[in-house]
Amino acid sequence: MDPAHNLDSTRPDSILIVDFGSQVTQLIARRVREAGVYSEIAPFSMAEEAFHRMKPKGIILSGSPAGVPEEGSPRAPELLFEAGIPILGICYGQQVMTHQLGGEVRPGHETGEGGEFGRAFLTVTKDCALFDGLWKEGERHQVWMSHGDKVTRFADGFEIVATSDGAPFAVIADEKRQFYGTQFHPEVVHTPDGGKLIANFAHKVCGLKGDWTMAAYRETKVAEIREQVGDKRVICGLSGGVDSSVAAILIHEAIGDQLTCVFVDHGLLRLDERQQVETMFRDHYNIPLVVVDAEERFMAGLDGVSDPEKKRKFIGGEFINVFEEEAAKIGGADFLAQGTLYPDVIESVSFTGGPSVTIKSHHNVGGLPERMNMELVEPLRELFKDEVRDLGRELGLPDIFVGRHPFPGPGLAIRIPGEVDKSRCDILRKADAIYLDEIRKAGLYDAIWQAFAVLLPVKTVGVMGDHRTYDSVCGLRAVTSTDGMTADVYPFDAAFLTQVATRIVNEVQGINRVVYDYTSKPPGTIEWE
Ligand code: XMP
């Protein structure tokens, strides 16, 4: 069968999300998926092409770090407003729609009111299709605002349907054209009814059925992979984590033996991780696996490097070197597959190449050297971690595997602030294994998103058996999260932490003090580097 034809037949009714560079655009796609509707994100500069290709039944305009009154700030293609299909503009999306349809947006400082950031309450002033079955006239509801500029005059045809103290135009609607604009962000969890509002837009305004599932995602991705790869060869970087495993199994389903998986032991793995991965893939799956022992070259390259970004860049680059060598050995591969997830992408560069700010260069993305001569296959790029787990279950992976905590590509290197060497990795491996062992024994593993030990570049004085010690400090981290984008500290009880600290200091030579990290994300990040 013609693969392009196959792809079209699996592409369901959809919503086009136009990205203006907001940090949370992908959350819009996620809410739309949760409503059982397929969506794609296109940067504003490519939205016209995406519109023609997808023939969507609705459009959502995202937020942006830019301001509509700023010169050169992005605009939506005019044809979207003339297409006769529903539009929901969120924050910047509301403002840019207002501006492009003839209304007025002014910078917050000019209105003399400043911006509005964080939790806010709005009052519903009129019923509208977006609120159907959810919010009624006169009710007050919590929402999440994050804006400086304001709509000061709306475009013809619009009216106010909800208002807040800081945003008189909290929600505007043109029911005739089915255009809606919210000043707040319905896509974030801090707007408790936000997901339902987006579902209302998808189901009640756009008229979509909501019958799209992870099984459909699997089918669509398998068809896309076949189309992208054709009869070429793919090499997949397997880390043993959930993401790269799900990616490998999905790609294997699509192209079978055209896929070769490479597992790089860079010496930055957790205790026994390499054996676990080998057993898992050789014994349980019939997927070709090459294991590369690259510890020495990674350690040599990390020697003397203490800057986190330099570590990440080196590890990312060296990974690709190893892949290229392995690809050459198997007779060449045209594609490199990675289990890159959405949060890896958004914090490195904007998902769509737009202007969101770099927090860290996650190694699957920012570390790729320009010279890399393989194309990327990244079938999980639009998903959040919990969605990847759903997809893993859909693909038949056992729960115990699917439930594993995330482990970053640069491995223990970013859990050893400062210089990394083999002996420090060995110390950390032991401490980390004890910590996770205690967590499992306490039955807490599944309640925690991610737990790990960190080895600090600080030595402190201790006393053991009448002797003075002068050894390293070990930090413990455990967080809860739904997607890794934000995280809360896991509240262990003191007895548990005491037990872990005692075991680590007693059993791991080189550590004489243990501390617990009490920082949420934001303002911290989950990893220490
Ligand atoms: P941060 O530290 O940015 O981490 O709050 C968010 C999630 O991403 C993981 N992480 C990475 N994963 N390559 C990866 O594959 C990386 O370079 C990387 N850095 C962080 C981190 O473990 C957490 O789950």
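From the backbone N, Cα and C atoms, a Cβ is placed for every residue, glycine too.
Remember, TrEMBL labels are computer predictions, not curated facts.
TrEMBL lists C91 with the feature active site, nucleophile. Among the features that TrEMBL reports, active site is placed at H185, E187. Annotation source TrEMBL lists ATP binding site at S239, G240, G241, V242, D243, S244, S245. The domain 'GMPS ATP-PPase' annotation in TrEMBL covers 212-404.
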Neighbouring C-beta atoms (10 Å sphere around the C-beta of V242 (ATP binding site)): 24
Cα-nearest neighbour of E187 (active site) within the listed binding-site residues, S239, G240, S244: S244
Cβ-Cβ neighbours of G240 (ATP binding site) (radius 10 Å): 21
Check: same-chain CB within 8 A of ATP site center, minus S239, G240, G241, V242, D243, S244, S245: L238, V246, A247, G339, R404, F407
Cα-proximity to H185 (active site), 10 Å cut-off, over recorded positions C91, S239, V242, S244: C91
Distance, C91 (active site, nucleophile) to G240 (ATP binding site) (CA atoms, angstrom): 39
Which of E187, D243, all recorded positions, has a Cβ with the fewest other Cβ atoms inside 10 Å: D243
Integer mean pLDDT for the domain 'GMPS ATP-PPase' (212-404): 85
Among H185, G241, S245, which are recorded positions, the residue with the most C-beta atoms within 10 angstroms of its C-beta: S245
